[in-house]
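Database features (Swiss-Prot):
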- ARG17, GLU18, VAL19, LYS20, LYS110, TRP552, GLU596: 5-methyltetrahydropteroyltri-L-glutamate binding site (BINDING)
- ILE422, GLY423, SER424, GLU475, ASP590: L-methionine binding site (BINDING)
- ILE422, GLY423, SER424, GLU475, ASP590: L-homocysteine binding site (BINDING)
- HIS632, CYS634, GLU656, CYS717: Zn(2+) binding site (BINDING)
- HIS685: active site, proton donor (ACT_SITE)
Amino acid sequence: MSISTSTLGYPRIGKNREVKKALESFWQQKISADELLKIVREIEEASWQTQTKAGIERIGIGDATLYDQILDWSFRFGIIPKRFQQFQNLECYFAMARGKDGILALEMTKWFDTNYHYLVPEITPDITPKADFSDFLETVKRAKKIIGKSAVPIIISPITFIRLSRLESVEFDNILAQLLPLYSDLLTKLKKLGISEIQLHEPALVFGDSSNLKKQFEMAYAELAKVGLNIHLVTYFDDLGETYPWVMKLPVTSISLDLTRGQNLELIKSYGFPADKTLGAGVVDARNIWRIRTQEVTSLLEELKGIIPNISVQPSASLQFVPYDVRREVKLPEALRNVLSFAEQKLEETVLLSKALTGKSNKSEIENIEIYWQEFYKFSPANEKVKSQIKALKETDFRRSMSYLERLDNQIKLPAFPTTTIGSFPQTKQVRKLRARYKKGELTQAEYLAQIDANIAYCIGLQEGMGMDVLVHGEFERSDMVEYFGEQLDGYTFTTHGWVQSYGSRYVRPPIIFGDIYRPHAMTIREFEVAQSLTEKPVKGMLTGPVTMLNWSYPRTDISRQEQAFQLALAIREELKDLEKAGAAFIQVDEPAMREGLPLKQQRWHEYLNWAVDAFRLSTAIARPETQVHTHMCYSEFGDIMESIKQLDADVISIEDSRSNNETLMQLTDADYPAQVGPGVYDVHSPSIPTTEYLRESLYKCIQYLPVTQIWVNPDCGLKTRRWEEAIPATRNMVQAAISLRQE
């Protein structure tokens, strides 16, 4: 019998967002590459020491990144598309991430069903993988020096890497054959450094179609096993499904399973677990922020102990999806804080559970956790009115009063290629400082609102001057599209230091749903009315949809996600009604996170999509026929959920298509999407400024797929992260491109 502890990755942004600040300073040429790397390494080394101090025995290392871990492996393998090969070193790396001088960046998409985004490798016939592992080997050497034998290198497996790549005129098997010798070479070098075990992260195994690659998995692992290192095969986010029986036979020494999601426990009971392997028992949920329920988890571990002799207790995945330390959240009510668990607390829970399994735990620690939960349930807000409203919902509450074509006749007529933006305009340091000063009490409400209104006036004047057709107020009062609404809803709370990485230098603070959700007052009406009073042109009301609010929050675990989504939908529904009363003829209900909530296995999609679509419709069905309802979705693959997208019954959908080579546009066309579409004609995540000619070409491509009457012209996402000197010429060129096409 062997009981141990492991980790599979750790937050890498710095407790005070040091990496973000360093990246932005480097991009602005305020610090050197050496200074940037020094800061990132200090954060990385601090995380190793934190895990060591907590008592973790085998610590996953090598997951720290300047931007994205998949981009790192693309770079190490020399999988660099031709358009970036003119650049060298970090200039090339960041050009791939962000674009440069008009060159499109790599496509960005969701990391499985999380809110993290990775950069999609592009593998084309002209690319021959050629490895340079020097940075990774340097990391391993540092880790060995600091934490010794506890260091276990984390490597993205070749099959997951290829599975997540875009293959253009190349065969999966051919690329695998080219990559495997490079992987074997890396493992050989690690062995020479004295490494005895590696983690090979294989999340692609949880996809429902992974059995189609059974031969490739078996061949790859047989080849890598020849090196003679202990291979710890790591899966997460779902169960192995039908792959379980043959995965258990792969030549590895450990297999990690996520026991917080899916049916892995049932698979173990049905098929057993090989006695010659260690089970990495992912029992501490790496993706939520709630403390363990000790009785449930210890019972699960005791059950596993009766089946499997060698167990490593660990988080279910990398801890990059949770903040660092809940003890810093001194503003949260104690009853709530006591049942929250961030990365450092999850390390403590991992060690506590390991001790409980060996009979060495402190009984009072376990009892205290249960007492905390009892106190929390007394504190958590309940709203009987909301519960009653949900019980009383009727079919008509989910349906607009007219069909799309009937509504179209009632709505404001606009010129061909109508122009708009997705909502936000640049959030400068001055704007962020303004909100911070107001929160600290350094400004009165009147002083704060006067400055917000000045920003709105500037934004409206700017758009009018460009000739934009449907304006937005700019969202200067909003630090985040979820946080802004959550702060005004009962049942939500927010952290002060709870930052997690969304992509690159973009960090977010997901709110926490801890009780029933209710809208006590209007949330967006004042700013809308200010903006609309400044122009004769229509201004869009801007709301975040219920499914995105849910998927970008840490949800409750005591009631279903569906019920939480419906509570949110009722709140958004009331806000939409108030926007109409204030004169809004265009209202956007953003759902960028609709697809990311999908279960990873397709057979479970139907249930999720049913209630997700219903939640959106519940929030928008109350709109009058003359109100044009827009929605926005980004970083999503729509082809396989197109019927659900159509069922949303939005009048206009704007999408992220600028990095996707018109794939999403083709999918909409193939599905005979009936409503209007804003394809997203340029990439806002790149600092490059698109020319009018480039944007004209983008629109010409759109015309190949959609009739002119269906096309809107907009950027692919909000402009919040751009600077004014980037946003102004880009949007002006966009409007000019649309106007020039009208004149043809």
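Cβ from N, Cα, C; glycine included.
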- Query: From the Cα of GLU18 (5-methyltetrahydropteroyltri-L-glutamate binding site) across to the Cα of ILE422 (L-methionine binding site), what is the distance in angstrom?
  - Reply: 29
- Item | Annotated L-homocysteine contacts ILE422, GLY423, SER424, GLU475, ASP590, maximal Cα-Cα distance (Å, integer) | 14
- Task: Would you kindly give the Cα-Cα distance separating CYS634 (Zn(2+) binding site) and ASP590 (L-methionine binding site), rounded to the nearest Å?
- Result: 10
- Message: Of GLY423, HIS632, GLU656, which is closest to HIS685 (active site, proton donor) if I measure between C-alpha atoms? They're all binding-site residues.
- Response: GLU656
- Of all the binding-site residues given, GLU18, GLU656, which residue's CB has the most CB neighbours within 10 A? GLU656
- From GLU18, VAL19, TRP552, CYS717, the binding-site residues whose CA lies within 10 Å of that of SER424 (L-methionine binding site): CYS717
- Where's the emptiest Cβ shell within 10 Å among the binding-site residues GLU475, ASP590, GLU596? GLU596
- Query: Within 8 Å of the Cβ centre of ILE422, GLY423, SER424, GLU475, ASP590, which other residues of the chain have their Cβ, at the recorded L-homocysteine site?
  - Reply: THR421, VAL472, MET481, MET542, GLN588, HIS632, GLY718, LYS720
- Task: Could you state the whole-number distance in Å separating the C-alpha atoms of GLU596 (5-methyltetrahydropteroyltri-L-glutamate binding site) and CYS634 (Zn(2+) binding site)?
- Result: 10
